[in-house]
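Chemist: My questions will all concern the structure given below.
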């Protein structure tokens, strides 16, 4: 029991930082969406960039989920974080080289980098969720909270930079002299965190006692994905070799069997993100009208969503109010579709106070249900099955995101603004 517990809180901190690094680059781009609307006002950047990101994430995740049992988790996650670092640095270099100029050429360059973000997301998010699914639930909760924190903290920083430099011409520039460029600031911070994640995952996380305990356990159950991480921790995979002599111990459910046994969980996660991404961020930037907050309005809505999404991801730590019932999760997921008429009529007839309240509930339900599903679904399976299930859950999540992003365009088409 001591070995199982030792290093748990350090592991939770590391998982939080790894979650933060998994989405900080992408959330930085979403948070500075008003900056891209100034540079590319005719190209619907919040919608187009999201639509570019998701097919690459989904296609890559599908390939990785199908082959997860044969892919070394350490190489996969380090590849993903390295690609995040290189892509973020490339975006930073592009902004500096062009001095924040608009134009179709620069827009295409940004879209190409965003596609690389999508590939990196599939490597990291699926790899991390699969890896953490056979460890203690607090690890995956911390990782998911870190994902949300990247949005909340970048939103807060964006509000601060807008308040500090709102009077500067062209966002934060004066003539050809870059006084302060908030886009560069955000991307520089993101680049730093990607380097930090590479170092933490490569040298710190695999050596925590609790992580070594769980990885040794899953290796004994037949997993081949943790061998490299165990080697870094100084543990030979003798347990796996002994397991090779026991064919029954290596038996595990196939991905197809896992899919049908957990179809309701997969459907829940898919529908949660279909609904969320059909509203966030495109609708909030382009379909909420003009209000007293003016240019602050969309930024405030994005910040409110991110803040409540983060808060909600800590609520399931209280076991008494954590939703574990499969029927309860399905009912809660389907009830979220009432948000669609609520957002439509609030944007058309309501004031900004009602919209802020709706966005806060959107964030709360998204974060709470995501953590409940991803921590409850893997329970009761062997380690290799939990790893596979984690990958499949992320695949369904990304499928929901992609569908939601595509459906988000209906708000424009319906209003005749395409």
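We number each residue from 1, going along the chain as drawn.
Each Cβ is built from the backbone N, Cα and C atoms, and glycine gets one as well.
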Chemist: Looking at the ranges 144-165, 210-231, which is given as transmembrane segment in TrEMBL?
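Modeler: Here TrEMBL associates transmembrane segment with the stretch 144-165.
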Chemist: Which bits of the chain, at least 6 residues beyond where the transmembrane segment (265-284) starts or stops, bring a Cβ under 8 A of a Cβ in it?
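Modeler: Distant contacts of the transmembrane segment (265-284): 30, 33, 44, 46-47, 50, 259, 298, 301-302, 305, 326, 329-330, 333-334, 336-337, 339-340, 343, 347, 359, 362, 365-366, 369-370, 373-374, 376-377, 392-393, 396-401, 403-405, 407-411.
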Chemist: Taking the transmembrane segment (327-347) as the reference, which of 12-36, 104-124, 296-315, 353-377, 389-412 gives the largest number of Cβ pairs under 8 angstroms?
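Modeler: Ranked by Cβ pairs under 8 Å, first place goes to 353-377.
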Chemist: Given the transmembrane segment (389-412), which of the listed stretches 12-36, 48-66, 104-124, 144-165 has the most Cβ pairs that are under 8 Å apart from it?
Modeler: 48-66
Chemist: Using Cβ distances below 8 Å and needing 3 or more such pairs, separated by at least 6 in sequence, tell me whether the transmembrane segment (12-36) contacts the transmembrane segment (144-165).
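Modeler: They are in contact.
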